[in-house]
Each structure stands twice: as structure tokens, then as C-alpha cells.
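This report refers to the structure that appears directly beneath it.
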Amino acid sequence: MSFARVRTALRCQRAAASPAPPKVQARRFANKAAPHASASSAGSRAFHLGLAAGAALAVGGAGLYLFSRSPVLLDAQLPVKQRGRARSISAAEVAKHNSRDSMWVCIDDEVWDITNFVELHPGGAKVLEQNAGKDVTKVFKSIHPPKTLEKFLTDDNFVGRIDVDEVTKIGGGKNAEDLRIEQARKELRNVETVVCLDEFEEISQKILSEMAMAYYGTGAETEQTLRDEREAWQRVRFRPRVLRKMRHIDTNTTFLGIPTPLPIFVAPAGLARLGHPDGEQNIVRGVAKHDILQVVSSGASCSIDEIFEVKEPDQNLAWQFYVHSDKKIAEEKLKRALALGAKAIFVTVDVPVLGKRERDLKLKARSQNYEHPIAAQWKAAGSKVEETIAKRGVSDIPDTAHIDANLNWDDIAWIKERAPGVPIVIKGVGCVEDVELAKQYGADGVVLSTHGARQLDGARAPLDVLIEVRRKNPALLKEIEVYVDGQARRGTDVLKALCLGARGVGFGRGFLYAQSAYGADGVDKAIRILENEIQNAMRLLGANTLADLKPEMVECSFPERWVPE
């Protein structure tokens, strides 16, 4: 169901409802941006929030929100009525409301009646059913932007407050995974001891929930493409030059006319709050120290407003654009990003439907097992669990109807008309023919990408596509800016791509893992690691500037040994 239909239906329900008695003003859920703090000073403060969310809430790769799948707030805040003295609710009473007929959830210390919202929920009814009568604070905050409650619910849905000591009786306390993560965070070594991006992933495996690791790490189906992307970098070898004056190294360049001190950018990657309470804001703060370009994900767990509000005045952020099937909504989102100051628009074109991400799906299937506590509750209540699962499907891949599956090359003109003077980049290109079409239809750049190997399993690694462009139409590399991502982890990976003609290389998962473990300090450290590796490798390769990186400096051993001309 589209957000427009959700809003219309909710407003109709509210119009038909009888006036509610005056109540005190609702408490806001939006917190002001927390000041930057190092991992060592933050300790375990609030780090457990959002880390041990129930596996039933991680599906596909879009992140299944309890209330809203879109972090972009398109509407003005819905009016909140005055509330009187809040009614005290016991855990036992909350737990009773766990069916379609009466469904309550607890967020922080507040109890909400979401019965009339179940069928309207953009993420589907099942995820609400699985968490009915429970405390959902951790999972809610880990994947939802602030003000989500205020956007979709009114004071009529407010039931009362639950005593803090009662919350643990409905799942609000620390479970075994919470305690494991809390202890692992206490044992984190100093961020300055990390020497490469791979270490951030190794460290994150200890401090992330099973759900977060599945979401961040999964590829599509057999994960052939996920494996192949790492191997692709190893199939390109250097042909270094020696006896050159290598004391001074210059790594400055421009992306889409935007100056950058390094030929790297932060690729869009969603749900950073699964790893850290500050989520995408950590990445913005860490990147600000280095002035490299960050492409803000449309699937972020912070709202677009939250993300842009913590950037430095001169910091450059671009925005990832999933074109909504409702062009009016698509235009509203685009206008909002531009109004906030997005310097470029990265149009994602490789998601006409969501890929089959089996690590996510297997984890969710386990949570839907008949013996799962929620299923046991259904059974006790007389629900037909097997019939429900059979009808809706265990995988329950999130509905992607809001993404325009009919998006085509003619739509590029529509986007350019609504973003005059702003660079447009096509993200998700997988062959030389589509690079040619991108140039033909007026795009300023392309990102050779497989969506993190999360879409079409068996698709070629982006680096192999870059080699194809170099072989079949090398002139394109001077006519349109070509970027590449796909499991790059090293400064040497960046140089290999630049030797083959890429303008720059995007890093996604590496920054997710870095911020998960160490917040903004982790992002800062990751960039410093890459900077050092790039400069060191340039000296060893014999290149003083990025312009000195030439095709003849590499040898490609797949699909055949070949030295580019």
C-alpha cells in the first residue's frame, strides 16, 4: 500500500472517530543530534539499543519497518492532541493485546494501540502480529527515524504508560544477545590499533546482533557474485614503474565537479542504526573530517533531515534516489533532497524487484518456526499458524511496489528537468552498452555496481564490467564519469580501478562496520587507513598524481591475460 493511501485511510478513520477527551501533549521521540564522542568515552552507554532486534524484523534487504519503510518525511507533522494524566498499564495487560482484534505495543515507557493500523501498515501485518503485546523499543529505534510515531499515529492511539520495572515482563529487558554485545563492547580494543578495513568487519562480528550481521553481510541467493567481487580485485595485478621521484604525492581530484582529496566516496548503505544508535550521523561526522563525498542512502535508518542537519556547512552530500512509482511522491522526495543541499543525485536503477537475500530469509524463517514464542502464542489463541505462513510465505520479501518497476531511460529527462544544474548519476549499471546509453540520455556519471551483490546472483563483478568498458569503448571513460564499487577494501583496489579508467571507487560495507564498532571515530580511522594505503601504493607503483595512473600499469588475468592499451 502506498503512503498516500495509508495517509488517506488514516485520515478517514480519524474523521469518523468521535472526538477524544483533552490530554497532555505527547512526548516527542526525536532527539537532538548527540555530540560526537569517541568509543572509549562512550563506553557501553546506550550501545545495546537497536543491536539485538528480533530476527523477524530483518527481511529481504530493505529493512522491514514496524510503521514506515521510508525515512523521508514528506508530510508536515500530524497534530498531536493534549493528553491528560497518563493511565498506568501493567505488563500483564499489555501482553493480553496480542491479536488482530486488539493489538498493543510498548515503545519506551509508552503503550500504543495499533489495532486499526495493522491492515494499513506499509510493511505488512505480519511483523506487527509477531510483536503484538510486547516491548518493541529496541527494534523500533534501530530501524526507524524519529517522529515516525507522530507521523502515523495520533493521541487517539495512546493507551498509557507502563512502569519501567514491568517492561522486562514483555520482552523489554536484556536478553542473552544483549548481554553478549554489551560485554563485547566493553572489550573493544582502541580504534587506533585497527590496521585495515577487513578488521572492522572482524570486530563487528563480535558486537553486532545476528540480524545485523545477516543484513549487512548477505548477498543474493548462492552469493556467487558476492564472492566474485572480492576475487575480481585479485585478478588485476600491478606493473610498477621504478626510479621515479616519489617524495610528493597528490591524491586530489574532482567528482562531478566537486573537489575531493581522495578518489573514494561513501556508497549508499542502509540501516546503519542496526550497528550503532547514531547510525548514518556517525558516517556524516566521520567523513566531515576529510571532506570526501558521501552518498546518503534512501534506506537510511536516520531521516534525511537528521542526516543533513549534522553535516558541516561546506560538507558535500549526495543523495540516492529510488524513483517512486507515484511520480508525485517521487518529485516530493527529490525536491526535499535538493532543498537540503544534495550536491548530486544517484538514481538507483537495479531494483525493479528486490533480490532474494537468503541469509536474511533463513534467519527470518527460523523466527517464524512453529515453535517460536510468537507462533506458540498464536497456537494458544487458536490461530492457524501453518495456514498463515503458507498464505503469506516464509520469506515475506518486502513489497517493492513503491519503486517504479517501469523506470526507463526516458525518465532520466524527467529527473533532470526537476534537478536543473545538479549532476545525475545512474547507479547499478552492469554492461558497456548501458554506459553508452547513460551518456546518450544525458547522465553525468554511472556507478558500475551490483547493489552490493544483493540483487542478481551471477552478475559480473563491477570491476570486470570496468574492464569491458576499457576494452570495448575506452573513449567512454573520458566522455562520462565512471565510478565503481563492489567489495573494495584496500587502497590498492582503488588504484587498480583508476588505472583502468574509473573516476573513483565507492565503499559501503566497510564504513558500516567501522561506524558500528567505533561510531564516527571508526569512520575517520577507515578513511585514514585508505588514505595511507593509496599514498603508499602510489609511491610503490610509480605515480605521483592520479593522472599518472595508466592502463599499462596493470595486467588483467581474467577472462584472459591482457594488458590494456
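The backbone N, Cα and C atoms fix where each Cβ goes, and this holds for glycine too.
The following features are taken from Swiss-Prot:
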- 1-54: transit peptide (TRANSIT)
- 86-163: domain 'Cytochrome b5 heme-binding' (DOMAIN)
- His121, His144, Tyr215, Lys364: heme b binding site (BINDING)
- 189-559: domain 'FMN hydroxy acid dehydrogenase' (DOMAIN)
- Tyr215, Tyr322, His451, Arg454: phenylglyoxylate binding site (BINDING)
- Ala267, Pro268, Ala269, Gly270, Asp485, Gly486, Gln487, Ala488, Arg489, Gly508, Arg509: FMN binding site (BINDING)
- His451: active site, proton acceptor (ACT_SITE)
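Projection of Swiss-Prot feature records onto the structure.
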{"residue": "His144", "record": "heme b binding site", "Cβ neighbours (10 Å)": "26"}
{"residue": "Tyr215", "record": "heme b binding site", "Cβ neighbours (10 Å)": "28"}
{"residue": "Ala267", "record": "FMN binding site", "Cβ neighbours (10 Å)": "26"}
{"residue": "Lys364", "record": "heme b binding site", "Cβ neighbours (10 Å)": "26"}
{"residue": "His451", "record": "phenylglyoxylate binding site", "Cβ neighbours (10 Å)": "25"}
{"residue": "Arg454", "record": "phenylglyoxylate binding site", "Cβ neighbours (10 Å)": "25"}
{"residue": "Asp485", "record": "FMN binding site", "Cβ neighbours (10 Å)": "28"}
{"residue": "Gln487", "record": "FMN binding site", "Cβ neighbours (10 Å)": "25"}
{"residue": "Arg489", "record": "FMN binding site", "Cβ neighbours (10 Å)": "20"}
{"residue": "Arg509", "record": "FMN binding site", "Cβ neighbours (10 Å)": "20"}
Counting only residues 6+ apart in the same chain, whose Cβ is under 8 Å from the Cβ of Tyr322 (phenylglyoxylate binding site)? Ser298, Thr348, Val351, His402, Ile403
Cα-nearest neighbour of Asp485 (FMN binding site) within the listed binding-site residues, His144, Tyr215, Lys364: Tyr215
Spatial neighbours, same chain, of Ala269 (FMN binding site) - Cβ under 8 Å, 6+ residues apart: Tyr216, Ser297, Gly452, Gly508, Arg509, Phe511, Leu512
Compare the C-alpha of Ala267 (FMN binding site) with the C-alpha of each of the binding-site residues His144, Lys364, His451, Arg454, and give the closest one. His451
Candidate nearest Lys364 (heme b binding site) in space, where candidates are the binding-site residues His451, Gln487, Arg489 and distance is Cα-Cα: His451
Between the Cα atoms of His451 (phenylglyoxylate binding site) and His144 (heme b binding site), what distance do you get, rounded to the nearest Å? 22
Average the pLDDT scores across the domain 'FMN hydroxy acid dehydrogenase' (189-559) and report the rounded value. 90
